[in-house]
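Below you'll find the structure, written out as C-alpha cells, and then a few comments.
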C-alpha cells in the first residue's frame, strides 16, 4: 500500500505559482470529493496554506503516480499556462511520512519553528475526515505527525525565541521589565507592525496600552480590539511621554517622531525612572541621540535583528534532535505499514484453522454432552492459539525490511495452502 505526496511550497516555486495552485477550504473539499468518487484515490488529504499546497494520496488505480497527480491538480486549477510539473516535489511511501513529520514539526517552514503550521495540518486532516477521504493509512499518518510535533515542542527548543521584529521587541521588554502588566505602554503607529507588537504585548499580560496614530480611527479600532480603549491624539502625544515605561514606535516617516529634547524633558518629569524605547520603524522613528540620556534604553531594528539571528541560530542547533524524533517515529510508522501488508495473510491463516476446528467439532456435536463440547471448544482454541503464535509472530516481526515481506508472506501462504482458502471464499 503506497502513499504519495506531491505539491508546491516555498522551496520549489515562487509565490505567483503557489498562489495559482492554492486551494481554498471549499475548493479542497470539492477536490477531495472528485478524486475519491472518480477512483483516483482511496484516501486523500489537501494541505493548502500561503506557503504550500500539498496532496497526500493513497492511489486508487495503478496508473496514479506522482506525475499523474501533478498534472491532475494543474488541470483542475486550469493553470496549464503558468504551472509546470517541475514546480512540484514528489514523495513516496516513507519519504511521504518523513515530509509530513517535518512539515508538522515546523522544520520545513519558511520561518524555522513557526507555530502555525501544526494547526494548519490538523485543519487539513479535519477536512479529510469530514469528506470521508481519510482512511486507516492517512489517519495513522496524521496522528503520528501530531505526536511528532508534540514531542518536538516538548523535547527541543526549536519553537523558542522570537524570530519576528515585533515579537523580539516584546520579548526584550519582558526581559527588562519582567512583569509587563505593571507597566504603562505607548504604541506610536497602528499599522501592521504596531498592531502585531500590541497583540504580542497583550499576550504577555500587558493591559495598560495607549495607542496614537496619525489616523485616529485606526488607533481607536485597534484599542477597541485589544479592549484598552485608550488613545491619544497624534499631534499632542509628546505632552504625555513622561507617563510611559515602554514606548514602541512603528510609523512610516522621514523625520524622527521622538527627538532627544522630547525625551530629555520627559525624563525630568519622570525623575529618571527607566524607559525602554523600541523603534520598529524603517527609516528609524527615533533620534539615536536619545541613547545618551540617562536611564533611557533605545533599541532599533538592527538591535532586534541581532536577537532574531541568535534565536534562529539556536533553533537551527536543535535540528539534529528533531531529526532523531522524526527517525524514531518513522521506524514505528514503517513497522505499522508492514503489518498492514501481512494482515490479509494473518486473517486467512486464522480463518483456515478456525474452519478446521469448526468442522472437527461438528463431527462430535451429537456424540457428546453440551458441557463436554464447550470443554472441547476451549481446548481447541488454546491449541490453535499456540499453533498460530509462531507463524503470526514471524509475519509481524519488525526486523524485516519491506523487501522481505512478500517472500515471507508467500512462504506462509504456500506452507498452509492459503490460496485454496481464498478460492473457497470466492
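Any Cβ shown, glycine's included, is placed from N, Cα and C.
Feature annotations, reproduced from Swiss-Prot:
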ACT_SITE  50  active site, nucleophile
BINDING   49, 50, 51, 52, 109, 114, 115, 116, 120  substrate binding site
BINDING   189, 190, 191, 192, 193, 194  NADP(+) binding site
SITE      99  site 'Important for activity'
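Where Swiss-Prot records a feature, it is marked here on the structure.
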residue : record                        : Cβ within 10 Å
49      : substrate binding site        : 20
50      : active site, nucleophile      : 13
99      : site 'Important for activity' : 20
109     : substrate binding site        : 19
115     : substrate binding site        : 11
120     : substrate binding site        : 17
189     : NADP(+) binding site          : 28
191     : NADP(+) binding site          : 17
193     : NADP(+) binding site          : 22
194     : NADP(+) binding site          : 25
(message) Tell me which of the recorded positions 99, 120, 193 ends up closest to residue 50 (active site, nucleophile) in space, Cα to Cα.
(response) 120
(message) An 8 Å radius from the center of the 189, 190, 191, 192, 193, 194 Cβ atoms defines the neighbourhood of the NADP(+) site; name the other residues of that chain inside it, in order.
(response) 187, 195, 196, 197, 213, 250, 251
(request) Would you measure the largest Cα separation among 49, 50, 51, 52, 109, 114, 115, 116, 120 for the substrate site and round it to whole Å? (result) 15
(message) Cβ within 8 angstroms of the Cβ centroid of 49, 50, 51, 52, 109, 114, 115, 116, 120: which residues besides those meet this for the substrate site?
(response) 106, 110, 117
(request) Report the nearest neighbour of residue 49 (substrate binding site) in space among the binding-site residues 189, 190, 192, 194, comparing Cα positions. (result) 192
(request) Under 8 Å Cβ to Cβ from residue 51 (substrate binding site), same chain, six or more residues apart: give me those in sequence order, or none if nothing qualifies. (result) 9, 10, 18, 109, 110
(request) Let me know the DSSP-derived helix, strand or coil state of residue 193 (NADP(+) binding site), please. (result) helix
